[in-house]
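Listed in TrEMBL for this protein:
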DOMAIN    47-293  domain 'G-protein coupled receptors family 1 profile'
TRANSMEM  30-56  transmembrane segment
TRANSMEM  68-88  transmembrane segment
TRANSMEM  108-125  transmembrane segment
TRANSMEM  145-167  transmembrane segment
TRANSMEM  187-207  transmembrane segment
TRANSMEM  237-257  transmembrane segment
TRANSMEM  277-295  transmembrane segment
Amino acid sequence: MNECHYEQKMEFFYNHSNSKTEDDWSGARLIIILVFGSIFCFFIFLSNAMVIAAVITNKRFHFPYYYLLANLAASDFFAGIAYVYLMFNTGPVSKTLTVHRWFLRQGLLDTSLSASLANLLVIALERYISVMKMTVHSNLTKRRVTVLIIMVWAVSIFMGAVPSLGWNCICSLNDCSILAPIYSRSYLVFWSVSNLLVFFIMVVVYMRIYIYVKKKMIVLSPHTKGSISRKRTPMKLIKTVMTVLGVFVICWTPGLVVLLLDGLHCSSCGLLDVKQWFLQLAMLNSIINPIIYSYKDEEIRNTFRNMISCGRNRGRISRTSSRALSCSIEPSRNTEESSISFHKEVKA
């Protein structure tokens, strides 16, 4: 019977797996890392909070697609929390952590990745429904959207907790990985392969949706009025979410490949040398998404601008959220009219 080591500190597992923990993180270097990391996480919190606030305060965004987009921003906000916890519990501190605190540190990161991935899958479902009906927004009810959001977080939390629930190497040290010294190598293979497979499936789905809508737009272009092209169409929203998906895949794929190589016990791959760089690339994804929203979606950009100008005019941060609604662009029926007109053109 294998001996379990739940009472050991993480130093025991790091030494066993020959995994370094950056003991030279001290003095000025440590301060610089914490300062820049804190600034970076602040922008993650601020930018994603603005996306959530924009969806809440602007009635033009009260549609399933934007609710799910806000939930994706919430997962990025949660990722910021995970990065803050990681930042103050890494380096030389890693060896002093208990097994349970280390599981919490990694579980937060795994949950944030699972939440982002699950949100993109649900958004793909919403976009597919809307495309099949050739409307700007699907007819998913608020109740169904709420259920989907709850399911996203339930699945994400479960996926983040799987190693702490038993799929680890605490009772089988020979199966421990290098990058995650109490994670089983078999779990890393499962985790990385399953995520990479979902990446591939989503890319294929969105490409099929894009091609389908592109063909429809070509057929309809001689018959549609210029006013429709200037408003929201399914293609504009699909391009936005495809950009988000593309950046997500680019930011996370290198890290997942590294985990896969670790799971396959590639001892000559120099994984420890690239681990920190790929983690920073994954962190970058959480702040890029709001930039994509504001760049690709004029309505979100205008809402951001009004929220910022409102905050400046009021001069008090505590009043910004309460005044954001009054400063936002007044709701109109342009989006709904565009959807109805587009739908009629398809039927014609």
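Positions of Cβ are set from backbone N, Cα and C atoms, glycine also.
Curation does not apply to TrEMBL; its annotations are automatic.
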Contacting positions for the transmembrane segment (30-56) when only residues 6+ beyond its ends and CB under 8 Å are counted: 62, 66-67, 69-70, 73-74, 76-77, 79-80, 83-84, 87-88, 91, 283, 286-287, 289-291, 293, 300, 303-304, 307, 321, 324, 328
Candidates 68-88, 187-207, 277-295; stretch with most C-beta pairs under 8 Å toward the transmembrane segment (108-125): 68-88
Stretch contact, the transmembrane segment (68-88) with the transmembrane segment (187-207), Cβ-Cβ under 8 Å, 3+ pairs: no
Average model confidence [pLDDT] within the domain 'G-protein coupled receptors family 1 profile' (47-293): 84
Intrachain residues whose Cβ lies under 8 Å of the transmembrane segment (277-295), provided they are six or more past its termini: 40, 43-44, 47-48, 50-51, 69, 72-73, 76-77, 79-80, 83, 112-113, 116, 240, 243-244, 247-248, 251-252, 254-255, 258, 301, 304
Distant-in-sequence neighbours of the transmembrane segment (237-257), which means Cβ under 8 A and at least six residues beyond its ends: 65, 72, 113, 116-117, 120, 123-124, 127, 130-131, 136, 191-192, 195-196, 199, 202-203, 206, 209-210, 213, 274, 278-279, 281-282, 284-285, 288-289, 292-293, 296-297
